[in-house]
């Protein structure tokens, strides 16, 4: 309750701050303000109390004051006129006392008497909120209020349900994402709680004001939307109309605010998703860095421990500890990476629980990745006996080898992180436009798609880098596997191992160098398989590079067509020439030379065969020119023609429609023509009759011969007009 006599309630447990006082004041300042208000305003009379109910314990020391207030109130009631029955019915249907809104059960609560004149106008919505408010006041353990100085009372604390209802939607989204995704953001404080604390500090020292029946207080109950739309409702007699108008305005603003919250939720999700994308990319980069660092340190430790110092030295222990530290960091980065993956899955699919994303396939994939990245040389010296059979002598060989070999070679499996980094840094994956187009075409942007695009853009570079990397790694692996059983230092030498890998990679296999151990044989087997695939890719890339482009094909086809046209013309000319020569030597000459005739006949047949062969080549060239590109061009031409035909058909339909409208107009005109003709004939007949009557009148006045008057109604004799049964002489 503020100083103006208004009781504001923002729903259950939600109290808006007073706009006049933006910050809380201290206790001394509040006491001074209360004293000034008490000096300026006289104490109003108290509301009537029921005589059958005793007063609360907090007001028992003041019975004389209450009696005086009751007497004054009774006098005012006698002076006031009676109220209408409609207002009393409203009062009986919804009995609401102002003290129920902010007072505690132990404080003074005066029940309304039977003849109370406090007229209230609550709506059905307000009444339901008041009943809920009373229920929470009576049943909530946190709704008790402590009386402050000056007879004031503190506002009740909100229940957990009320606190959940008053929370900001943006804060709720952030808190829910933190709850389900594993703490991406720090928990944010609830805005409504801070506002409630501010209101408690402001209204702590305000005294409880009592109103007389002649000036009843207005109880304004509004929702959070009403408080945002209307911060303060003034106290005036026409309160019902203004409160209904405010309720209508608040209900009209509900849907835009819901849409705004929805837009805020979508914007927050998109921003959160973008942040997760960036974090996932950085985690992948860091994982690749630490993975490559562990591989490099492993290679250095293996080479140094073979030639310079032993496995039990401090240098080897320090390097292995460094490898273990980098492996632990790598495992943590991988866990963080998959955490971001799960969070992205939750955001993309709108899931409520992150456990929905943990399918058996994902769990198996994460476990396999953790196992691959966890393999590394353990600090310390561990040995085992390794037995093998030499290649050419077939004698068994037994040597004591380090366990680090078994744990070092699988560390090269960490190179799969390169493909992940390439995917996350690819423009096709990071560009929003390309991802939108791919989603419309149902394309999955994965590592396979990125490698295909790289093979299309720069196939030579990709094959070169892959072949050289595979060559070096396989050669070093063969060297490590063969060093314990190679007594002649052939395959254990790095250059010799590179030669062995190269001839195996190219599927040559001279046989001068062969591996002794199963480890080396397995590496050579994998190298041969990869070499066959790379060789096929090289052949395909070279063939694609040697293929003519579209422009080059068109130029080549044009030149070949020109040459074939010339050859056809030459062959046709030869046919005509030989035909003329044969006719000349057989018909025109007196003495026939049979040798020349046979010669020209032979050339004539050769010219005919040459003409046929050239025409066949021209047909083949035309068939080769009809490629897919030409078909697409023809399709475009046909599409243009069909479009033009459609336009013309539309124009023709429009013209036919105009002709139909004109024909309808002509039909209507022809239908109205008989009526027009009848009207015209009638008018002419009337004019003729009038002319005859005028002529007859003139003849009578002059004294001409008398014409007998006809018996017709218009005064014209039947003999004046010829009939079909009278001749022209009778007329």
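Just so you know, glycine gets a Cβ as well, placed from its N, Cα and C.
The compositional bias 'Low complexity' annotation in Swiss-Prot covers 30-40 (among others).
What Swiss-Prot records for 52-95 (among others) is compositional bias 'Low complexity'.
Residues annotated as compositional bias 'Low complexity' in Swiss-Prot: 138-147 (among others).
For 717-731 (among others), the entry in Swiss-Prot reads compositional bias 'Low complexity'.
Residues or ranges marked as intramembrane segment in Swiss-Prot (evidence: sequence analysis): 494-514. Within the chain, the intramembrane segment (494-514) has long-range Cβ neighbours (under 8 A, six or more residues past its boundaries) at 391-392, 467, 470-472, 474-476, 478-479, 482, 524, 527-528, 530-532, 534-535.
The phosphoserine annotation in Swiss-Prot covers 167, and the record cites similarity to another entry as its basis.
For 1-170 (among others), the entry in Swiss-Prot reads region 'Disordered'.
Here Swiss-Prot flags 239-258 (among others) as region 'Disordered'.
Taking the region 'Calmodulin-binding' (561-637) as a whole, pLDDT averages 88 in the prediction. What Swiss-Prot lists as region 'Calmodulin-binding' is 561-637, and the listing cites similarity to another entry.
Feature annotation from Swiss-Prot assigns region 'Disordered' to 709-731 (among others).
With a cut-off of 8 Å between Cβ atoms, the residues of this chain six or more beyond the transmembrane segment (288-308) that come close are 315-316, 319-320, 322-323, 326-327, 329-330, 333, 373, 376-377, 402, 404-405, 408, 411-412, 414-415, 417-418, 420-421, 476, 480, 483. If you look up Swiss-Prot, you'll see 288-308 (among others) marked as transmembrane segment, on the strength of sequence analysis.
The transmembrane segment annotation in Swiss-Prot covers 315-335 (among others). Under 8 Å from some Cβ of the transmembrane segment (315-335) lie the Cβ atoms of residues 283, 286-287, 290-291, 293-294, 297-298, 300-301, 304-305, 309, 366, 369-370, 373-374, 376-381, 414, all in the same chain and six or more residues away from its ends.
If you look up Swiss-Prot, you'll see 366-386 (among others) marked as transmembrane segment. Within its own chain, the transmembrane segment (366-386) has Cβ neighbours under 8 Å at 291, 294, 298, 301, 310-312, 316-317, 320-321, 323-324, 327, 330-331, 334-335, 338, 398-404, 407-408, 410-411, 413-414, 416, 484-485, 517, counting only residues six or more beyond its boundaries.
The feature transmembrane segment is assigned by Swiss-Prot to 405-425 (among others), with sequence analysis given as support.
Counting same-chain residues at least six beyond the ends of the transmembrane segment (454-474), those with a Cβ under 8 angstroms from any Cβ of the stretch are 412, 422, 498, 501-502, 505, 523-524, 526-527, 530, 534, 537-538, 541, 544-545. Here Swiss-Prot flags 454-474 (among others) as transmembrane segment, drawing on sequence analysis.
Tertiary proximity for the transmembrane segment (523-543) is limited to same-chain residues at least six positions away from its ends with a CB under 8 Å from its CB atoms, namely 455, 459-460, 463, 466-467, 470, 474, 477-478, 481, 500-501, 504-507, 515. Summarising the annotation, Swiss-Prot assigns transmembrane segment to 523-543 (among others) and lists sequence analysis as the type of evidence.
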When the region 'Calmodulin-binding' (561-637) is classified with DSSP, how many of its residues are helical, how many are strand and how many are coil?
70 helix, 0 strand, 7 coil
